[in-house]
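Okay, so here's the structure we're looking at.
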C-alpha cells in the first residue's frame with residue numbers, strides 16, 4: 001500500500017487549517033483575553049483547571065505541565081491542574097456516579113470562585129466536559145472552551161471559546177495544543193516579563 005498520497009493530503013489539510021487559524025484575528029484576541037483572565041485569577045490566588053477525554057485528556061495534562069514547569073524560559077511555577085490524572089478519583093466517580101460526572105465532581109470539590117476551568121472537546125458534545133462547565137459556572141469559575149465545531153453545546157457555557165477550523169479530530173487537536181502553547185506564553189510573558197521575549 002502506498003501511503004504517500006494520503007500523507008500529502010493529510011499534511012495539506014493540516015497546513016490549510018493552521019493557515020486559517022493563523023489568519024483568524026478573533027482567535028488571537030480570544031487567546032489574549034483568556035491569558036488576561038488566567039493572569040487575573042492567579043494574581044488573586046486562583047488556578048487553572050483543565051479537562052478533556054482521550055487525546056484532549058493528554059492535552060489537558062500537557063497544558064498543566066507547561067504551566068507548572070515552564071514553556072519558554074525559566075520562571076516560578078504557575079498553578080494548573082489537569083483533572084484527568086487521578087485514576088482513583090476518576091474510577092471512584094465513574095463507578096459510583098457515572099463517567100459523565102468525573103470532571104463535574106472534581107470541579108465542584110477542587111474549584112473555587114475566581115478559578116478558571118478549560119474544557120477541551122473536539123466535538124463540543126462530551127457529556128462530562130459539558131457537566132463540568134455547568135458546575136464551574138455554578139461556582140463562579142471562569143469558563144473556557146477549546147473545540148472544533150461552531151454552534152455546539154459549549155457555546156452557551158463558555159465565557160471564552162476557541163474554535164479550531166477543521167472537521168478532522170486529529171487536526172483540531174493539533175490546533176488546540178498550538179493554542180494552548182500560545183495561551184501559556186501570554187500568561188508567562190505577562191506575569192514574568194523578560195525583555196526581548
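Each Cβ is built from the backbone N, Cα and C atoms, and glycine gets one as well.
What Swiss-Prot annotates here:
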DOMAIN    38-197  domain 'SIS'
BINDING   53, 54, 55, 66, 95, 96, 121, 122, 123, 126, 173  substrate binding site
BINDING   62, 66, 173, 181  Zn(2+) binding site
Inter-residue C-alpha distance, residue 173 (substrate binding site) and residue 66 (Zn(2+) binding site) (nearest angstrom): 17
Per DSSP, three-state class assigned to residue 121 (substrate binding site): coil
Candidate nearest residue 181 (Zn(2+) binding site) in space, where candidates are the binding-site residues 95, 121, 123 and distance is Cα-Cα: 121
Length of the line joining the Cα atoms of residue 123 (substrate binding site) and residue 62 (Zn(2+) binding site), in Å: 20
Site of maximum Cβ density within 10 Å, from binding-site residues 95, 121, 123: 121
For residue 66 (Zn(2+) binding site): intrachain residues, at least 6 apart, with Cβ closer than 8 Å: 180, 181, 184
Under 8 Å by Cβ from residue 55 (substrate binding site), same chain, sequence gap 6 or more: 122, 169, 170, 173
Neighbours of 62, 66, 173, 181 excl. site residues, C-beta within 8 Å of centre, Zn(2+): 59, 63, 176, 177, 178, 180, 184
Integer Å distance between the CA atoms belonging to residue 62 (Zn(2+) binding site) and residue 95 (substrate binding site): 26
Integer Å distance between the CA atoms belonging to residue 121 (substrate binding site) and residue 62 (Zn(2+) binding site): 15
In the chain carrying residue 53 (substrate binding site), residues 6 or more apart in sequence that have Cβ under 8 angstroms from it: 121, 126, 128, 129
Number of other Cβ atoms within 10 Å of the Cβ of residue 173 (substrate binding site) across all protein chains: 22
Annotated substrate contacts 53, 54, 55, 66, 95, 96, 121, 122, 123, 126, 173, maximal Cα-Cα distance (Å, integer): 32
